[in-house]
Amino acid sequence: MAKKSAENGIYSVSGDEKKGPLIAPGPDGAPAKGDGPVGLGTPGGRLAVPPRETWTRQMDFIMSCVGFAVGLGNVWRFPYLCYKNGGGVFLIPYVLIALVGGIPIFFLEISLGQFMKAGSINVWNICPLFKGLGYASMVIVFYCNTYYIMVLAWGFYYLVKSFTTTLPWATCGHTWNTPDCVEIFRHEDCANASLANLTCDQLADRRSPVIEFWENKVLRLSGGLEVPGALNWEVTLCLLACWVLVYFCVWKGVKSTGKIVYFTATFPYVVLVVLLVRGVLLPGALDGIIYYLKPDWSKLGSPQVWIDAGTQIFFSYAIGLGALTALGSYNRFNNNCYKDAIILALINSGTSFFAGFVVFSILGFMAAEQGVHISKVAESGPGLAFIAYPRAVTLMPVAPLWAALFFFMLLLLGLDSQFVGVEGFITGLLDLLPASYYFRFQREISVALCCALCFVIDLSMVTDGGMYVFQLFDYYSASGTTLLWQAFWECVVVAWVYGADRFMDDIACMIGYRPCPWMKWCWSFFTPLVCMGIFIFNVVYYEPLVYNNTYVYPWWGEAMGWAFALSSMLCVPLHLLGCLLRAKGTMAERWQHLTQPIWGLHHLEYRAQDADVRGLTTLTPVSESSKVVVVESVM
């Protein structure tokens, strides 16, 4: 039976006394009774602990993970990296790093969230000394939520402008065009010098209306970061509309989010298939696909190829952001997260590979139409979405239809990644709030404040100098360097501080069997080595940010970027040092105490079953201000 210490209110349960499920006792020492929330005995009385929300169906979780992890990077970055780094040869380092780095950490984050039933911060109660990992992931995902939505705002703007008989970026003569503007030409026009009586060489020096629409109308690009300029109100309204969409996708929690992603995560695949069918029927499409896949074996020995593969894996798998942990925390305790993680990883990488056929069939057509090499039209990132593809659709029949389809797909790809990222941030935030702070509409108000704060910060990115701010966030705040640092410490903490075998046992408790030993080996050895190797390479061969190969950022702009990066990377060592300095006892005693897990209420039955192995377990009633029941394992 449970015994209460009269002095400190701690309930202890010895291993030989526990039979069956362990129920937290009430204030009189008797088991808590009644239906509804589980009772927690406290010196002041019984405290109701609200149950954690769970997915209505497991497919809701699968769709949410697909929507979050499969995003813009799969469509606009992977195909270009594959072409740039040797075509089909790039798949070799990509698959290898996925096996030793991407999939193991992807599985680690989901299973950790499911086991601890907590968001990105409280999930590190598994090893409280390293709770700084949770704060770091919150910082990174906040930065991502802030700048990532700008791509949606631009995409929404292009989508609205697509509903016209003539696309505004297809012709010159608008107020934003310059005298150097020349409308998009086909190869036969150039050969006949039929455009404004200019030769092909002269045409090459002119500016495309697509570029002028992007730079002069959408971005209203100023001279640099030091020239912010005024707000672009049209794009600002699109940004506001996107944040309103995100709010209503997230405000009711996973019950509503899990339904919305059925559309936002699946419809982009329908559009990709439609665009692929249209693309392969165009002249020159086959040449584009060949350029995409043609192997260049000499590239395999280049370190940059392996660095690009590793960075793409960690970025596209959405590792280190804490959102996967938050999504996993809403799973049933016995859900087979191992199978889910493998399936989701395959979907993610498969989508990247498939998107390459869509992109390069269109680029091959565009290269053939303009009589230029594929390298002249191949773009990555915003250049593909807002320059290369808009230019390509102007050469197609019924151009507005294909433009609208593409930007609608772009909007959906980014939207579910965005609102799941916000969900991950809100989950981590609300898990920290004690029960005494609970009030009606707590979640709705928290989501509104988060969206409003991000929107205010985003206003700096819809000014004339906004693109320079966007590039700072993109290059530093959630770069490969910060994600690799985060992933390295996650593996070290779980495998070497908590214990890889111990965590494998915890997973076996959830799914009924131990995962493949490969996962344990990766967490312990291979993955940390890969992460640290790429991290060191990125630091040693660091190159300052340059926009469009022309604009060099001032020293204070680069310092601002490093401040973004270090604000998350320093969370781990600073939190660790702070905890060790505040604790009492010898350094060994402090380490032992601070690395003891803090268990949640759902662990009681599980821990009770192996108490004879793990020793004494204590149920510690915390203050009434806390809504989390903790169990401290004394080992």
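Heads up, the Cβ atoms here are built off N, Cα and C, so glycines get one too.
With respect to the membrane, Gly132 and Ala583 are annotated on the same face, judging by the topological domain names in Swiss-Prot. Tertiary proximity for the topological domain 'Cytoplasmic' (501-520) is limited to same-chain residues at least six positions away from its ends with a CB under 8 Å from its CB atoms, namely 104, 107-108, 111, 114-115, 333-339, 494-495, 606. Secondary structure of the topological domain 'Extracellular' (542-560) per DSSP (helix as H, G, I; strand as E, B; remaining residues coil): 6 helix, 4 strand, 9 coil. Secondary structure by DSSP for the topological domain 'Extracellular' (291-304): 10 helix, 0 strand, 4 coil. Over the topological domain 'Cytoplasmic' (326-341), the average per-residue pLDDT in this prediction is 93.
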